[in-house]
Amino acid sequence: MFTTSLRQAQRIVVFTGAGMSTESGVPDFRSSRGLCKGNNPEALASLQAMNDNREAFVDFYRRRMEQLQHVQPHKGYDVLATWEQQLSVTAIITQNTDGLHERAGNQRVLPLHGSIQKLYCIQCGQHYDVDRYMNNQPSCSCGGFIRPSVVLFGEPLDSNILALAEQHSIEADVFIVLGSSLVVSPANLFPRIAKEHGAKLIIVNHDSTPLDTIADYVVNDKPIGSFLVETNRALQK
């Protein structure tokens with residue numbers, strides 16, 4: 001049983017994808033066409049859109065931020081916060097930009113794609129909260145443009161966060177995937193790296209993934225929140 005592996009582990013790494021967020025009511029990014037007024041969301045969440053179509057760019061992210069104001073982290077996030085304190089969770093690598101991990105009190109989050117909950121000026125670097133976009137004020141006092149602190153299409157991932165995620169994956173005894181299809185590179189390399197370095201690999205996802213065949217445990221029949229709550233309950237026995 002994987003609960004034994006969790007109890008014995010010295011380093012547990014958690015990897016979360018869109019499925020973790022959708023259980024809290026966050027629309028999957030690629031299903032958020034209602035925000036885009038007929039445009040492809042990937043086209044609006046791009047470096048080109050930020051440079052050439054700022055009105056639509058700001059409108060897209062403002063609507064996304066409005067959605068997140070009505071969302072609360074589900075109980076699975078609380079379990080991860082508990083595991084950070086009571087088990088040896090060394091990192092939570094996430095593909096999500098919604099900030100739900102941080103809102104739930106998760107401390108060791110590595111956001112591969114940044115956070116929509118943070119803004120900064122591209123000219124002077126001044127940081128702002130989301131109120132600037134909510135109030136449709138995307139201009140800094142210096143005159144620069146204020147953007148979300150997310151990785152846009154056309155931009156590279158943060159090399160420092162990638163390096164940390166890789167190191168934690170190498171050192172993991174147990175690597176848990178929660179709600180990721182594991183098809184997006186380079187993020188999908190981390191569970192493979194962990195497995196190659198001896199970690200137990202647990203995959204919890206609604207659908208099958210390309211790495212199911214190398215996983216030690218695969219769970220397709222439970223919501224992520226329920227899986228985490230039930231696993232935590234079993235660990236208390």
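Cβ atoms are placed via backbone N, Cα and C, with glycine included.
Record features, source Swiss-Prot:
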| type | residues | note |
| --- | --- | --- |
| ACT_SITE | H113 | active site, proton acceptor |
| BINDING | A18, T22, F29, R30, Q95, D98, H113, S180, S181, N205, I224 | NAD(+) binding site |
| BINDING | F29, D98 | nicotinamide binding site |
| BINDING | C121, C124, C140, C142 | Zn(2+) binding site |
| DOMAIN | 1-237 | domain 'Deacetylase sirtuin-type' |
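Feature map: annotations from Swiss-Prot on the structure.
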residue : record                    : contacts (Cβ under 8 Å, 6+ apart)
Q95     : NAD(+) binding site       : T16, G17, A18, L112, H113, S180, V184, A187
D98     : nicotinamide binding site : S21, V26, L68, V71, S115, I116, Q117
C121    : Zn(2+) binding site       : Y128, C140, C142, G144, F145, I146, R147
C124    : Zn(2+) binding site       : C140, C142, G144
S181    : NAD(+) binding site       : G17, N205, D207, T209
I224    : NAD(+) binding site       : G19, M20, E23, G76, L178, G179, V204
Output field, Zn(2+) shell: CB within 8 Å of site CB centroid, site C121, C124, C140, C142 dropped: I122, Q123, G125, Q126, S141, G143, G144, I146
Local Cβ density at C142 (Zn(2+) binding site) - other Cβ atoms counted within 10 Å: 10
Where C121 (Zn(2+) binding site) falls in three-state DSSP terms: strand
Cβ-Cβ neighbours of A18 (NAD(+) binding site) (radius 10 Å): 21
